Amino acid sequence: MGSSTSTISVLLFLGLVQFAVSGHDYKQALSKSILFFEAQRSGPLPPNQRVSWRSHSGLNDGKSIGVDLVGGYYDAGDNVKFGLPMAFTVTTMCWSIIEYGGQLASNGELGNAIDAIKWGTDYFIKAHPEPNVLYGEVGDGKSDHYCWQRPEEMTTDRRAYKLDRNNPGSDLAGETAAAMAAASIVFRRSDPSYSAELLRHAHELFEFADKYRGKYDSSITVAQKYYGSVSGYNDELLWAAAWLYQATNDRYYLDYLGKNGDSMGGTSWSMREFGWDVKYAGVQTLVAKVILMQGKAGEHTAVFERYQEKAEQFMCSMLGKSTKNIQKTPGGLIFRQRWNNMQFVTSASFLAAVYSDYLSSSKRNLRCSQGNSSPSKLLDFSKSQVDYILGDNPRGTSYMVGYGHNYPRQVHHRGSSIVSFKVDQKFVTCRGGYATWYSRKASDPNVLTGALVGGPDAYDNFADNRDNYEQTEPTTYNNAPLLGVLARLISGPTDFDQRLPGVSPTPSPVIIKPAPIPKRKPTTPPAPASSPSPITISQKMTSSWINEGNVYYRYSTKLTNRSTKRLKNLKISITKLYGPIWGVTKTGNSYGFPSWMKYLPAGKSMEFVYIHSAAPANVLVSNYSLE
């Protein structure tokens, strides 16, 4: 008996080794993971819908209260539109594109990824009809879970739940602000007007979240059982401020992070997870980017270094080099909880990949209490988690539906488990769906391609049963960070410089032709003294790096209104600029205020940045008025 068991173990081991050595098709996995979002769409489906077994649904959402709330995403295997996980899904998809847009473009998936984001942001615009109103949920988990029906014919309650001044929800409003701010970066070049609209909503939502504070599930109580805000709202306020700073370069948000980092937990919470509820690890990673790469900490350096310390503790815990390490299964998978553990696997893997590239770009190692590690170790860790997901595990199971040969066939998902509405329009009743389809011991009639299910337990065990919702239910926020990790892994183990202008979050990345490289490192003198006296302009170089023989410089330009009146109708002339610029709007041959700014108050400053491989550009004010 013992000999037979040993033989089987050896054969299984050899089979897994062969699978691992043969490698995985990350490009195929990337394509499938993005396709999953089309299966989760609510509303009228577009002509280019690729998941053909789905049809229109939720066409009357919001109609009973006179608000158009059609669209958005179903979060998982149910038919409810929960605002908090949906917003987190969009934010992390945006982050994936911002970091790895070039890889997505080169593999033909950037357009699909951007479409997935826009499906969410179009809905958020509808859900935010007034500055201090946000609709945070459509449908009710209790009534929805009582029924097992296709979304195309659901009969469950589609009540809409909102936040306002008297019913605040800083966590939900903050996360939605983060999503809109991050999305504004994604659309900045391909659709500037849409980007500006997203940014306006982001500003308003942040102000709403910060001014009228409270937990959203105290206002939308029906969400408590399904997406309760255990961590509160401080992490979302910091998270939103971090994304608004990335989107606007507005000092206000940098100061917000600096002044509130200690009191709101950004510098004190040492995390072991990152997800739709707890954002601290994401905030800490973004702030570390400000320190490592952008050099803009200024007076907040000491506070931001504490953010960075916590970010690195999270990274070290994944590598087993911290005093408190993340738990893993015997097969090596991160394990946080029984119910949908995979959400924490993909989010942590994404942060590890991103931070690995941040470190590589800054030419430094990860500092851990149990010994330092090179950036490549973090990327290796991300790869090990993705490879486990795709089949390199003790069961030889791919936890991505439709990838490989041994993947879940009985997914806990209403639309996937019931015959397509296009194939058979016979009405499936609320409870009849459970009797006929939920309890059916057979493969789903519709393959939910790309869906990442909840995954195995703490001992690598998994049961492919539809009623095993803890392990077989997929979610949008499982897949969202996976986009970025897969895009990064396609590039291989080489160092990846996150500061270069060539990686653009647009369908057609702009290629910068470097100007002749200066013979000596450029100094950072003030801009030409031709600016009128009420307005001063100063420039400084904040970082530099070498890529393929070209030296790139990042310049920060500050324009200050030193008058006692409001500065309006600003026109800036910029010459000898050979790269991308952020923080101003181009009109004709001149530049003006960014779209979210109408004037510059007396005594205040605005800042914009640009990257090119030359000495500082010539910047001067060509026109303005004081009122």
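One-based numbering along the chain as shown.
Cβ from N, Cα, C; glycine included.
According to TrEMBL, the protein carries these features:
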type	residues	note
SIGNAL	1-22	signal peptide
ACT_SITE	HIS412	active site
ACT_SITE	ASP464	active site
ACT_SITE	GLU473	active site
REGION	499-534	region 'Disordered'
DOMAIN	535-615	domain 'Carbohydrate binding'
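Most other Cβ atoms within 10 A: among the active-site residues ASP464, GLU473, that distinction falls to GLU473. Over the domain 'Carbohydrate binding' (535-615) the predicted model carries a mean pLDDT of 84. The domain 'Carbohydrate binding' (535-615): residue composition by secondary structure is 0 helix, 51 strand, 30 coil, according to DSSP. Within 10 Å of the C-beta of HIS412 (active site) we count 24 further C-beta atoms, all protein chains included.
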